[in-house]
């Protein structure tokens, strides 16, 4: 992991200065005049007047003359600021008589396009503002039939004839209105939460560029950003900076699928051309509490879900290494060929971290590919305080890491990292002649598209790269540490209260805090099938009331023979202790009469 020590190159004279203001402080009258020129005439003259109080008569005269000359200029194109202000000034526009055909690239469509997009930006900014306003609901819940039947002014049905831009703007507002504010500080329902403003800016730019990630020739900057970022992520995992490979995929499930494909190709490259009939009876392993995507990949890739063997876990949801080794031996005795195991760093429900070191020892003993699904827990690698929970990850052959989860990058942003260079290319390359010509004028090794199972690939890198530039590694570290501190705060608040019961003993490893709310009617009642049956209904009822009121959202689920319990997860940097307190109080309020 890169050192977070601040650079010592700053001069001693600036040691106590705020770098954010020092670098922005204009040092010449021409610069100040430019600042004044970007303001209204009244404010600009005030800036000039302020400077005149401390400067010579000659300098005063030159500054004011320059300002007045620029203000009186009739040529708007003489200054970028003036040009911008003139072109992007809001005007009264009747959108009821305008249609998509009136926007660019229509002839004379620039003004209509500007006004339409300014309205859209207003809608977005209003949504962003409300997202961070705790007095605003997390959601305005409606049942599916209500939305399908249509709300006032909002109809999901598609029409044969174009609708006005006025209606399109209404549709934009209502789409956000009836959705869920996943960036709200009191949204705790999923592993992916938050609304990072830098990431939002990056996503706007990405959509505007509207390009594809398969070749350098159409996405030169984005392709290089992806390579640089993946290299940095591999280094943080603990691999050599010279080796390795990776690619961004549509999500953790696809990244996990890539890992199985890469492992199969590594051991049995003939499968690419001859199919599964040409290889032995293969089996792979994963924990009984791992993400369901491993079994889904087993079905999709032709192994069959019966050949995805589940390893037992302890009470905290971690793989039991002895059971893993026993199941390898059992499979071999039955004539199967074990080749792959998935260890999880941050399980979906308990937030458990499998013992990677012990699993890696077994993999080396039996020559298995070790994959670590760190989709949820990978962000902890950025934290010097918590990365020890992933000790041994550097021994993995591949790693899934989802920045759109713990790191707060906007959806979607998932990486598959592979220790050995060339396997992804060999596994997936099809050499489509219309895309991947070998005789281009640049180094075609930068045409990364043939490593992917997709052809078209969305640009997921820019928002992540931009956030990393804005926060730095230290910024991500602080963000992740804060979320884990909030989980510890929640655990400490409820662990000894009679109205709450923890699903397992001990502090959480991740931000997952699993608990039951015990209504008054069940407190002090001994454990029995009847009590568990009643308790099983509590979390769904509270969740339904929670969604109806729209005040907060938190997930629930059963696990094994356990009754439904709440699974609290914290990945939103906007959340605070007061939001945790609110959640506890809201659960008590909604569940007190059950």
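Using N, Cα and C of the backbone, Cβ positions are placed for all residues, glycine too.
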Annotated companion of 190, 191, 192 at the 4-aminobutanoate site, Swiss-Prot, chosen from 532, 567: 567
Candidate set 332, 405, 421, residue annotated N6-(pyridoxal phosphate)lysine in Swiss-Prot: 405
Of 405, 567 (the recorded positions), the residue whose Cβ has the fewest other Cβ atoms within 10 Å: 567
Cα distance (Å, whole number) from residue 567 (4-aminobutanoate binding site) to residue 405 (N6-(pyridoxal phosphate)lysine): 16
Which of 190, 192, all binding-site residues, has a Cβ with the fewest other Cβ atoms inside 10 Å: 190
Cβ atoms near residue 191 (4-aminobutanoate binding site) (within 10 Å, other residues, all chains): 22
Longest CA-CA distance among 190, 191, 192, 567, per record bound to 4-aminobutanoate, angstrom: 14
Other residues, Cβ within 8 Å of 190, 191, 192, 567 Cβ centroid (4-aminobutanoate site): 189, 193, 348, 405, 555, 569, 571
